[in-house]
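This report refers to the structure that appears directly beneath it.
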């Protein structure tokens, strides 16, 4: 009902001092039993030619047990927010006294101008006031207008009121088993600087369910530092927190773990002109909600706020069981429970989840499918993006027909969603096991250990890597990689990345060998049919292993990665290839044994060596050297240039391996030997093997030139040549052969040879010259003899025809004295008849 007030002057409000207004435009709307409960309002009509400030107050007063609701239908005040200098509308929705003079003591609800109207308002008590200010020359109803209603406030009476707050209540299950909960002025904009508490108290066997159907609070950030709803799993705000909520929420359904729940709604006093509507929900006390004892049977933990959701966190390779609700008895209909089973995932650990079903009974629906009840399994972390429609398995039916009976997660997360329909069954029982997730391609061991097998019969080539590569491998781990070739095959391993922790690494010679690699390391072995394994090498740091070909007599190769409990690195990545076995000498080696010495060079030396032929993983040369018993082999690399850098990246593209000890692993050599360095090695026995392997990623280099020499040590008795500096005993005939057989820094076997070498050369030249002269003389004599014989035959022929008597020449009387040419020619006359 509208009532005009007297035209009196009143004091100005505190925010506009020393101004006086005439209330000739004030209006009041009062709810009366016999009067209308709703109506409209609009801006006043008046002229103001002098531009004096005018203020009009609209007061809406509800009856007891009522509240006021205002909705603006049009709004277009002159001005631009937030200044609103010449025309604006102030809103007061928390008015306790309807008198205009009391507005100064009421919380301020916001100032508005421009074309955007205030949102819906519902009074916190029984009154709302609108204060319209203008200094314009005229005012028309089109400036603003709307509808008002007087509504019943029973919806806002949630339970037993608290005397300390206008919006705090205690809700007892004995009084109200279910009902509605709303923010104090929903759906109107909620007040600032307000605290409302709602305490739900159920019977001892009951739990509380709270479902928010609408939720709209000011969002100040993910931690909700401003307006917030906090829900506690207990009777006070000191109980465990179920959740903290602000902004806009959808499908927010919360359950208490026991019979009580405490909800706190807090808004801050601030200048920001927010107009969020708050929340509306429904609550219910019930004994039929799922009992949580089935979760506590193992290491499961109830997720606060859910009806029966649980999480199971790994205790490092732990295991246990999960059950359907009420197992082993039939489960209740119409429930949904989620199981979040999470393995460890941090800088040191990465696990996956294995699930094995021991019992299963979820009846199928009428159509023979899982439309009634089901168990959905998620293996790829779909829950993180709320992608529950993308499940990996949907299971229902009888245990005997269950497929699969075992599932393994792709990462550290496995989630199950159990939904029961109208039909009831005994549910399920499943064992979960947390296994270390290695992220290694290959056939894993069934026991979940870091053991992987690669068989040629399954795949001819592929990749393998350290656990979790390219992330750091875990600490305190031992991983075994076994490569098994078929008969008449070899396996080749090539490393493309290598970084294994080595605190004792030698920055000069690289991280290689048993004495250097003490913390983390990688070892490689040749495997044999009798079960024995022979070490190829131990590697760590940045020193990548060189390419590896399994031995001709081996059945494969074994690789072991070991890490201790300290820091970890990124590990390694490598390739394997099974190929037809090469000969014992490989592609280009040989048996170079003799009793004295020999020379071994890389292919094409001094030109660059080449990598393997196209399609092959490696090119291998094996040289075997054997000398007399009780002798040793001195090997001296006079030139060495092979791809790689032992102190940096190792020998991943090409490598020279030297087996010079009886039982130990070979030396691994690459890089470039400076001219001043001495690279020489002595075998422990009378045999030695050298292997040169280049991988398919090799780009080539000059290679190496090495001299080997049979020798006796410096302590042995020597009846031949004793080297001056090294004291080695070598064959005496190796002296002055233009090869340094005494070692890298001992040229004594080639000293004092400068005189003999020219004399030998001179006499050899003289002998060669004499021989050449004799041969030339012999050739001339033969030709001369042939010519002389033809001449004599010609004269005999003419004498026979003409029987002519020629005078005797002096030469004819000397027939018995033959020329030397005649004699030689007759001696070799048989040449004509050959």
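Each Cβ is built from the backbone N, Cα and C atoms, and glycine gets one as well.
Feature list (source: TrEMBL):
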type: DOMAIN; residues: 25-151; note: domain 'CUB'
type: DOMAIN; residues: 167-286; note: domain 'CUB'
type: DOMAIN; residues: 308-435; note: domain 'CUB'
type: DOMAIN; residues: 450-579; note: domain 'CUB'
type: DOMAIN; residues: 588-711; note: domain 'CUB'
type: TRANSMEM; residues: 761-784; note: transmembrane segment
type: COMPBIAS; residues: 794-803; note: compositional bias 'Basic residues'
type: REGION; residues: 794-815; note: region 'Disordered'
- Note on the structure: DSSP assigns the residues of the domain 'CUB' (450-579) as 0 helix, 68 strand, 62 coil
- Secondary structure composition of the domain 'CUB' (308-435) [DSSP: H/G/I, E/B, coil]: 7 helix, 59 strand, 62 coil
- the domain 'CUB' (25-151) resolves under DSSP into 10 helix, 62 strand, 55 coil
- Item | Structural state census, the domain 'CUB' (167-286) (DSSP three-state) | 0 helix, 59 strand, 61 coil
- Kindly report the helix/strand/coil residue split of the domain 'CUB' (588-711) according to DSSP, in that order. 0 helix, 62 strand, 62 coil
